[in-house]
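Annotated features in Swiss-Prot:
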type     : residues                                            : note
BINDING  : Thr14, Gly15, Gly16, Asn124, Arg167, Ser195, Gln296 : UDP-N-acetyl-alpha-D-glucosamine binding site
COMPBIAS : 377-387                                             : compositional bias 'Basic and acidic residues'
REGION   : 366-387                                             : region 'Disordered'
Amino acid sequence: MNGSRQYILAAGGTGGHMIPAHALAVELMRRGHHVALVTDERGTRFPELFKDVQIHQLPAGRLTGGVKGLFQAMRNIWAGRERALTLYENFTPAAVVGFGGYPALPALLAAFKAKIPTVIHEQNAVMGRTNRFLAGRVDAIATAYHQVDRLKKRYRRKTEVTGNPVRDEVLFLRDLPYPPLSDNSIFRILVVGGSQGASILSEVVPEGLGLLPLHLRRRLQVTQQCRPEDLEKTRAQYAKLGIPADISTYMADLPQRLGWSHLVISRAGASTIAELGVAGRPAILIPYPAAMDNHQYANARELVSAGGARLIDQRRFNPFELAKQIQKMALEPSALKNAAARARQVGYPDAVEKLADLVERVGGNLPQQNSIEEDSTFEKNQEGAVA
């Protein structure tokens, strides 16, 4: 599309919302557009992702906490809507793009009031609350998966499968081969627990790796993300087992570490699944059972069905089960390489381009293209989804 435009991205302040918003911001600016971000207080803690982007904090509210909590949430949402309307008078966006999370709600409500074109992007395989509420009124819906539970059938005509955008540093891994692996070479495992780590991984993974056969355990080199309170205990466990391990609470170079890894052990957040697919890395996934609408189980199903990952329910996640699954995947180097290739097949390396194309079309008032109304794969996969 010719001509520079302005776009507003609205996202909740967690990594699952902020990372795809960041990727789209970079792509839109690469195309010569101007971008502003609307988020909550949590979202302002990601300054490294939005160095060249205006960041505006809106009041928003969670629709919980009984009558009193609901009343306060509605007041905050209304205040956020009014503040967003003022922002739109000065910034004049061609479109407003919502990535879910409560801060996206007042931003999109203001866009409806101002008659600004709107797009929502759903990162998970289950439509989130905010996006479900907005889906009927937006101009277009972008999804990360063909099968999205709780996406109503009547919205298919305006829905496109774009995939989940990932950072440029992860896209770089797409063209790199799977790291060389033999029966005697170093076997690198990356353990990540989402944006804040996961204590259960710190409890189970070191002990599970310690149960592996000696000839396999001697080859291990571990990189693990931990919560701050688990850091020293986890380091001590690995030291006791004699397993080289780099333990930290935050990994600024996570894409590079992903590129070195032969196997990933992680939760099944949307960004993690997207990065595994783009990079082509096999994984053992432990979905977070308390995730809203159990969406991490749904996120994992495509990668698991393709043979790129194994899933362990958290109720069965113990050192013995982990050691068993690692041995099934790792005793033959060719098995891990095959799993990596299968993971790569379900990646969406062009997700950010597809999403940016959609946003430009909607922002330019151009006809919608490539909807999934007649997509037979989508039709088949949506059977059984909640309507």
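Just so you know, the numbers here start at 1 and follow the chain as drawn.
Keep in mind that glycine also has a Cβ here, set from the backbone N, Cα and C atoms.
Annotated features, which come from Swiss-Prot, shown on the structure.
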| residue | record | Cβ contacts under 8 Å, 6 or more apart |
| --- | --- | --- |
| Asn124 | UDP-N-acetyl-alpha-D-glucosamine binding site | Gly16, Ala144, Val148, Ala270, His295, Ala298, Asn299 |
| Arg167 | UDP-N-acetyl-alpha-D-glucosamine binding site | Ile19, His22, Ala23, Pro255 |
| Gln296 | UDP-N-acetyl-alpha-D-glucosamine binding site | Arg267, Ala268, Gly269, Pro287, Tyr288, Pro289 |
* In this structure, which of the binding-site residues Gly15, Gly16 has the fewest other Cβ atoms within 10 Å of its Cβ? -> Gly15
* Conformational class of Gln296 (UDP-N-acetyl-alpha-D-glucosamine binding site) under the three-state DSSP mapping -> helix
* **Structural state of Arg167 (UDP-N-acetyl-alpha-D-glucosamine binding site), classified by DSSP into three states** => coil
